[in-house]
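> Take this structure first; my questions come after.
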């Protein structure tokens with residue numbers, strides 16, 4: 001039995017000692033700062049030494065968190081390659097009248113970083129369907145297939161309905177443990193990335209029954225259901241509590257004012273009736289514009305369906321801000337609705353138009369969408385606690401955009417590099433390995449003189465080497481950033497399918513939930529139920545940390 005009197009004295013003693021340590025070191029830190037008050041510039045050797053010491057100090061302060069991840073938020077920057085990250089952070093800084101090279105996107109400040117391998121089972125360079133299956137279900141799949149093992153090839157409808165060929169997603173795992181699930185995207189909610197959360201389809205393009213019917217000459221389509229129908233009428237889709245994005249045409253009939261593409265049923269009407277029947281009136285809401293989203297009362301809304309465009313949502317630089325919500329606004333509302341859940345939630349958020357812009361080689365739009373994506377991540381950071389919420393930020397695949405030449409520091413990353421090719425014509429800092437052939441050439445079939453082109457136009461298409469209808473994906477690894485419980489497990493280089501298994505491990509859901517050494521041995525407060533630290537242990541840790549920091553900083 002614990003002696004509460006003696007424990008109280010111990011805590012009081014610990015508090016007094018801790019106060020003394022903080023006071024002493026604060027005083028000495030101030031003196032040290034005052035004694036070294038010189039301001040260094042980048043040209044000074046010591047500037048970089050001090051900069052490095054500061055980063056080391058930050059890392060020393062971070063302690064691996066091993067508690068339960070009550071909530072998980074996965075952010076997916078579709079097509080967000082390493083080059084996209086670099087160029088976007090520069091673009092962000094330059095929009096704010098700085099040179100930009102030393103800027104950070106919000107998630108680049110996360111304490112743990114890794115890289116994932118993005119290939120499909122049958123392709124070196126992946127698409128957004130096989131990758132969604134990997135990072136949402138833990139199983140690598142074939143090119144352009146969703147929620148299926150690699151036993152199912154493209155367009156194999158009969159194979160896609162066999163139970164042993166179907167994968168379960170982290171949405172299934174989370175719901176099985178009583179957690180809520182949400183989905184936010186700037187693409188159609190039936191597009192490849194989000195559909196990995198709930199659908200099983202032998203072709204990512206079978207988003208509506210009309211699209212499925214077009215494949216009748218390829219397979220027996222009578223055995224399959226389209227992706228939109230799976231979202232609204234099948235588990236786990238019908239139990240997803242927040243669905244926000246584009247794609248109205250996939251849900252409405254083709255003879256209505258909504259100008260839908262369906263021939264069988266009105267899925268929005270089905271969704272409304274289903275929620276009233278199962279949960280009663282005034283518990284759900286269907287919306288179509290920004291004002292309606294902002295007016296949603298999350299305390300009274302348990303199910304929210306928002307379809308803001310007929311197809312994909314518009315690029316941020318081209319959107320009507322009064323009609324279309326931003327990714328940040330959608331993310332904020334989704335968290336407000338989901339955080340009521342006592343068992344926590346899983347939220348998937350996709351910045352999907354990064355990819356759409358790259359396919360058109362419109363680099364300015366791609367970078368701007370990445371900055372908007374970064375804002376949404378920061379919104380989630382601001383609304384959650386690192387102690388109980390794991391946030392993972394990654395991409396599904398790369399793109400062929402490259403950053404080259406030798407532009408001077410602070411040069412507009414979206415403009416000319418300041419150098420010329422051997423043909424005596426300038427070239428842009430950013431270009432693509434392939435893409436749509438719509439660049440003008442001179443009379444001798446040479447390159448266009450880009451000094452006569454307005455590269456500030458958001459729709460300027462950047463130079464490319466190989467002419468194609470659309471720019472393709474890239475095959476290199478992509479970054480993974482993580483913060484929160486068990487975030488340190490996302491360090492290193494690994495297969496993309498490890499991501500959902502690791503997230504599930506951190507939350508105690510899915511196939512990896514019960515691995516030895518996992519969060520099952522910990523309370524929701526993040527402390528081991530058998531090894532809670534004593535005041536003396538904490539004081540010792542504080543003293544040791546203080547000594548290390550003083551040694552590094554002074």
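Yeah, the Cβs are placed from backbone N, Cα and C, and that goes for glycine too.
TrEMBL labels come from automatic prediction, so no person has curated them.
TrEMBL lists 128 with the feature active site, phosphoserine intermediate. As annotated by TrEMBL, Zn(2+) binding site applies to 78, 355, 359, 396, 397, 473. According to TrEMBL, the Mg(2+) binding site annotation covers 78, 191, 193, 350. For 1-23, the entry in TrEMBL reads signal peptide.
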> How far is it from residue 396 (Zn(2+) binding site) to residue 193 (Mg(2+) binding site), counting Cα to Cα, in Å?
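Approximately 8 Å lies between the Cα of residue 396 (Zn(2+) binding site) and that of residue 193 (Mg(2+) binding site).
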> Just checking: which of 193, 350, 359, 397 have a Cα that is within 10 Å of the Cα of residue 128 (active site, phosphoserine intermediate), counting only these binding-site residues?
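So far as Cα distances go, the binding-site residues lying within 10 Å of residue 128 (active site, phosphoserine intermediate) are 193, 397.
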> Cα-Cα, whole number of Å: residue 359 (Zn(2+) binding site) versus residue 193 (Mg(2+) binding site)?
16
> When you measure from the Cβ of the residue listed as 'active site, phosphoserine intermediate', how many other Cβ atoms are you left with inside 10 Å?
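That number is 26.
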